[in-house]
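Now, the feature entries from TrEMBL:
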type     : residues : note
TRANSMEM : 76-94    : transmembrane segment
TRANSMEM : 100-122  : transmembrane segment
TRANSMEM : 134-154  : transmembrane segment
TRANSMEM : 174-198  : transmembrane segment
TRANSMEM : 218-239  : transmembrane segment
TRANSMEM : 245-266  : transmembrane segment
TRANSMEM : 363-383  : transmembrane segment
TRANSMEM : 403-425  : transmembrane segment
TRANSMEM : 445-466  : transmembrane segment
TRANSMEM : 494-518  : transmembrane segment
TRANSMEM : 530-550  : transmembrane segment
TRANSMEM : 577-595  : transmembrane segment
Amino acid sequence: MKNRVIICFRDKNNKMERKPLEVESTDHHQKPSSAVYGGPVTAVDSVEDEAQEPKVVFRGWKVMPFIIGNETFEKLGIIGTLSNLLVYFTSVFNMKSITAATIINAFGGTINFGTLVAAFLCDTYFGRYKTLTVAVIACFLGSFVILLTAAVPQLHPTPCGNASSCTSASGGQIAFLMMGLGFLVVGAGGIRPCNLAFGADQFNPKSESGKRGIDSFFNWYFFTFTFAQILSLTVIVYVQSNVSWTIGLTIPVVLMFLACLIFFAGDKLYVKVKASGSPIAGIAQVITVAIKKRALKPARHPCLNLYNYYPPKYANAKLKYTDQFRFLDKAAILTPEDKLEGDGKPSDPWKLCTMQQVEEVKCIVRVLPIWFAASIYYLTILQTIYPVFQALQSDRRLGSRGFVIPAATYVVFIMTGMTVFIVIYDRVLVPTLRRITGLDTGITLLQRIGTGIFFATASFLVSGFVEERRRTFALTKPTIGMAPRKGEISSMSAMWLIPQLTLAGVADAFAAIGLMEFYYKQFPENMRSFAGSIFYVGVGVSSYLANFLIATVHRTTQNSKTGNWLAEDLNKGRLDLFYFMIAGIMAVNFAYFLVMARWYRYKGSDDEVTSHETNEDKSTV
């Protein structure tokens with residue numbers, strides 16, 4: 001049997017060339033060519049395989065009504081259930097504000113960490129379709145259980161109204177509530193890393209129309225997500241807060257049921273990519289082999305000396321050599337003890353890795369410092385929690401008829417700011433910046449992310465000044481009433497909260513979307529589910545960090561001279577100082593990000609090199 005092997009060698013002018021070489025193989029363990037071990041040729045680049053893959057029918061936009069329809073109703077259902085949980089916990093389950101905020105942060109963090117587990121199970125065992133099947137059913141069950149806690153009197157504590165002391169929820173009531181949250185953790189944790197990738201699976205990535213379809217699908221995905229949040233934070237939250245919790249929580253259950261029906265209706269039409277094995281194993285192999293071979297000398301000419309087998313029909317784009325993290329290069333140094341299969345691939349991947357594998361691991365390692373900065377950036381999640389408490393103790397009346405805007409609805413201005421600015425960014429800023437920078441995207445992804453971190457810092461500064469104004473009004477001017485179990489309502493209009501929330505939305509338009517695109521493009525292609533999960537893991541880390549900061553500030557300031565910064569009654573607290581503290585953390589993080597962004601090399605950029613000489617090499621010239 002003949003195999004066609006692509007090899008690298010140096011010509012007389014010391015230029016690297018790649019030429020095909022046919023080798024005949026009969027033994028399963030036969031080495032493909034002596035060129036691998038001696039002479040000027042030292043790297044097997046790829047082996048072509050003529051085996052035919054089964055034909056895949058990409059239906060593209062024909063199945064989008066099922067996928068986008070499911071996405072719309074699923075997001076409306078989940079967000080409709082989750083968006084007002086903070087008020088639900090304090091008003092129906094009689095929890096204290098800090099307890100409710102802690103549970104919300106822990107719940108959000110657990111969901112986001114769950115995406116990592118879901119991505120691993122998806123890539124290794126089940127594939128995206130089966131993972132989504134379990135996830136959408138779990139979301140429906142979770143929404144239904146939360147509905148029961150409102151509809152059945154025995155499943156929540158006795159309402160306390162304006163009473164100063166309230167009956168706490170029993171252990172059984174809390175357990176039933178936690179069961180519903182547990183279902184939502186499984187559902188949302190499975191949907192988040194798989195939904196985007198599953199939609200993209202329906203388009204042919206090798207055709208121009210397929211590539212355009214994928215780009216359009218991403219736009220529709222973020223539009224759907226934003227639309228669902230705006231609708232949930234206005235209509236559904238209003239029904240929950242002003243009509244009935246039972247009716248308000250029934251709406252998400254019905255929407256989740258419709259999402260399930262729409263998703264399963266397209267069952268026969270979907271492209272269902274099978275699980276191809278977890279990429280985590282490949283990462284572990286590179287690290288393990290690099291440690292085993294740590295005593296070897298670095299390769300003098302990595303492109304030529306490192307083992308560079310490239311599998312046929314490999315899902316990932318071929319990567320050039322980069323001279324960062326050179327300690328990992330040793331995993332691809334071919335020694336006489338290493339054995340190869342007949343087609344040139346390593347017989348034991350735990351003893352020899354390819355340069356392609358090493359470069360893929362380098363892609364991941366390079367992303368980690370940026371991911372760390374992103375995890376601090378996600379502290380903007382606090383802009384969805386404490387502004388609700390600020391609104392509860394601000395004047396929320398609108399118009400002469402005294403219409404009162406629900407406190408949780410103000411968070412919609414984050415989504416509004418994000419949606420409006422996306423249009424401005426795409427239609428105005430990008431064309432203008434393109435003429436200045438010459439880049440198709442106007443600015444680089446890291447510049448976009450950094451701009452978002454800057455706006456997030458500004459949003460917390462503005463939050464501090466607005467809270468200082470709200471508190472001053474409450475203490476020095478006539479109040480307009482009493483918020484149940486909180487304190488007096490400041491005469492400052494809650495509309496003053498809009499600037500800080502709008503800035504947070506602009507920050508998301510830059511950083512959040514930029515980060516999702518950054519991970520998608522910088523991770524190897526077979527790690528797209530993992531890339532989606534690491535985005536949400538960063539959000540999860542931030543949720544736990546926010547919990548830590550809230551608990552630490554509450555514990556250390558409750559007996560201080562300035563009083564508890566995060567008191568139940570904001571008029572007695574110093575939430576403004578808490579906001580300024582977060583702004584300081586964000587400013588330090590911004591400086592760190594600038595340093596890491598300057599160091600970063602994009603995958604496939606011109607900064608990558610195909611050869612590299614060691615210092616020892618240069619000394620001998």
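Including glycine, each Cβ sits where the backbone N, Cα and C put it.
The list of residues near the transmembrane segment (100-122) in space but at least 6 beyond its ends in sequence, with Cβ under 8 angstroms from a Cβ of it, reads 85-86, 89-90, 128, 131, 135, 181, 184-186, 188-190, 192-194, 275, 278, 280, 381, 385-386, 529-530, 532-534, 536-544, 546-547, 550-551. The recorded stretches the transmembrane segment (174-198) and the transmembrane segment (445-466) do not share 3+ CB pairs below 8 A when only pairs 6 or more apart in sequence are counted, and are therefore not in contact. Tertiary proximity for the transmembrane segment (403-425) is limited to same-chain residues at least six positions away from its ends with a CB under 8 Å from its CB atoms, namely 83-84, 86-87, 222-223, 226, 229-230, 233-234, 237-238, 240-242, 383-384, 387-389, 391-392, 396-397, 494, 497-498, 501-506, 508-510, 512-513. When the stretches 134-154, 245-266, 363-383, 530-550 are ranked by Cβ pairs under 8 Å to the transmembrane segment (494-518), first place goes to 363-383.
Counting Cβ pairs closer than 8 Å and at least 6 residues apart in sequence, the transmembrane segment (134-154) and the transmembrane segment (245-266) reach three or more and so form a contact. Sequence-remote contacts of a segment are chain residues at least 6 beyond its ends whose Cβ falls under 8 Å from one of its Cβ atoms, and for the transmembrane segment (218-239) they are 64, 68, 71-72, 75-76, 79-80, 83-84, 195-196, 199-200, 247-248, 251-252, 406, 408-409, 411-412, 415-416, 418-419, 422, 513, 517.
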